[in-house]
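*Asks:* Pulled the feature table from Swiss-Prot, pasting it below:
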type: SIGNAL; residues: 1-19; note: signal peptide
type: TOPO_DOM; residues: 20-459; note: topological domain 'Virion surface'
type: CARBOHYD; residues: Asn338; note: N-linked glycosylation site
type: TRANSMEM; residues: 460-480; note: transmembrane segment
type: LIPID; residues: Cys480; note: S-palmitoyl cysteine
type: TOPO_DOM; residues: 481-526; note: topological domain 'Intravirion'
Amino acid sequence: MLLQIVLLMSLMVFSPCPGKFPLYTIPDKLGPWSPIDIHHLSCPNNLIVEDEGCTSLSGFSYMELKVGFITTIKVSGFTCTGVVTESETYTNFFGYVTTTFKRKHFRPTPEFCRNAYNWKVAGDPRYEESLHNPYPDYHWLRTVTTTKESLLIISPSVVDMDPYDKSLHSKMFPKGTCSGASVPSIFCSTNHDYTLWMPENPKPGMSCDIFTTSKGKKASKGGKVCGFVDERGLYKSLKGACKLKLCGISGLRLMDGSWVSIQNHEEAKWCSPDQLVNIHDFHSDEIEHLIVEELVRKREECLDALESIMTTKSVSFRRLSHLRKLVPGFGKAYTIVNKTLMEADAHYKSVRTWNEIIPSKGCLKVRERCHPPYNGVFFNGIILSPDGHVLIPEMQSSLLQQHVELLESSVIPLIHPLADPSTVFKRDDEAEDFIEVHLPDVQKQVSGIDLGLSEWERYLIIGASAVVLFALAIIFAVCCRRCKRRKKARTDRIELDRKVSVTSQSGKVIPSWESYKIEAGGHFRS
C-alpha cells in the first residue's frame, strides 16, 4: 500500500486529488469476469507501471535536485560602501594644532568595487593603507582640509536566489528584491544610496549548484517515454507532468512535486506559477527507499501466497488480496464465485481516503456506483461482514501515513525572500576581517589666514577692533592738539618777554615794567 504511494503520483491524473499519494487502489474499469485455473494466477509488477504498455526499459542519466537541498540557494557576495574621510587641522597664533575628523559617504562604481574586492583577496598592501585616516597637514594661522576616499568591502554578505527566475532576495535590497537584472551579473542597489551589493563570483550561474546527476531506466513504448525508474528503484510516471525551468535548465515537474531533467516529453505543457517544486531532503529519500523495500516485500508476500495456492490447490479470499495491483494502471482483479476462481481485466486508480470507496455502510464504490457483492464477496479479498460492513484486508500503515504527511508538508516554494541578518556577521570583529578599499589620491586644501574663530566671533572682534581703533584715533588726535597748544603758549611767552624789556637811564637793562618803576622811583627821590 505504501508502495503505491509514489508510483501513483504520476498517474494521479485519474485521481480527484492530483499530486497526492493513494491510500489504496481500486478498479475504475472492471470486467468482464471469466473463470480461470489457479495456474493462471500471477503477481503484479508494482515497481513498473505497465499502463499503456510502456514496458520497454533502457538506462539513462538525468539530473534532479541534490539530496539535502534546502529551500533557498545562498549566493555569497560582498557590500561596497563609498567612504570619504576628512581631516581639518588649525594652527593658532601660538602654534597649537587642533585636528578634527569627519566622515561622509559617496556612491561607488561597480568597476572600482570589483577591483577593491580583488585587492582584498590578493592581499594588496593598499588595503591596509587605505583604512588609515588621512595624514593631517598644518600651516600657521591656517585651516588645512585633507580628504581621502575609500571603498569599504565587507564580506560575506549572503543573499537568496530564486531558482525559478534566478532573482535575488534580501532585506538589504529595496522592496526585498535586487533592482538590477534577474541575473546579478553586475551589482544590486541596496537600501543605502552609497552601498552596492555584488556577487563574489562574477559568473553568477555557478551559484546555482543545486543539481546532481542520477542514473535510472526509462520506460517507453514506440519511442514515447511514459515514465522512468529512478536511482532508488521507484517508478515515476510522466502523466500530469509540466515543463519547468530551474536555474535556466529545462525539465519536468512531476505530479508529486519532484523535478527531473527529462526534456523529450512533448505532451507536457508549461507549469503555472503556482506549481512549485518540492524540496529533496534525506527524509524523502529514506521514505522512497522504504517504499521500494515495501514493494519488494509485498511482492515476496504475493509470491509466497501464490506458492501456497499452488501447493495446497486451494484459494482463500485473504490470499487473493495479495494479487491486487498496488499502483495505478492496468492489472488483474480476482474473486471466487460459487467456488470458482474468476479473473477480470482492471484498470486501477488511486484512493486517498476510505470514504471514496466506502461512502456508506455496505457500499463498495466502483465506477461511481455501489458494486454488488456475490454471497457477501466482492473481489481482491474484499468481503461484506455479517453486520453489513465492507471489510478490506489492507489497512493503512504508519509508513504510508508518514509519507503522505511528509509530502504534504514539503510542498513549499524554493524561494525564501528574506535573508537572516545574523548570517552576514557571525562575530563582532568579522567586519574588520573583510575590509578592502580602493584608495584615490589624497586631496589637500589650505585656507587663508585663519584665527580659528567662528563667524559671529569674527564679526564681533572686527567690530570691537574698529571701535578700539576709532577711540585710539580720537585719543591720539586730542593728545596731538594739546601738544600743539603747549608749544604755542611757550613761544608766545618768549616773545612777550622780549617786548617788555627796556634800558634804564643808567644804561642797565630793566627786565620788566615793575622793575623799571622801582628803579626809576629810587632815582627820582634821590
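A Cβ is built for glycine as well, from the same backbone N, Cα and C atoms used for every other residue.
These numbers come from a predicted model, not from an experiment.
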*Asks:* Do me a favour and check the Cα-Cα span between Asn338 (N-linked glycosylation site) and the residue listed as 'S-palmitoyl cysteine'; whole Å is fine.
*Replies:* 155
*Asks:* Tell me, by DSSP, whether Cys480 (S-palmitoyl cysteine) is helix, strand or coil?
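*Replies:* DSSP assigns Cys480 (S-palmitoyl cysteine) to helix.
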*Asks:* Averaged over the topological domain 'Virion surface' (20-459), what pLDDT does the predicted model reach?
*Replies:* 77
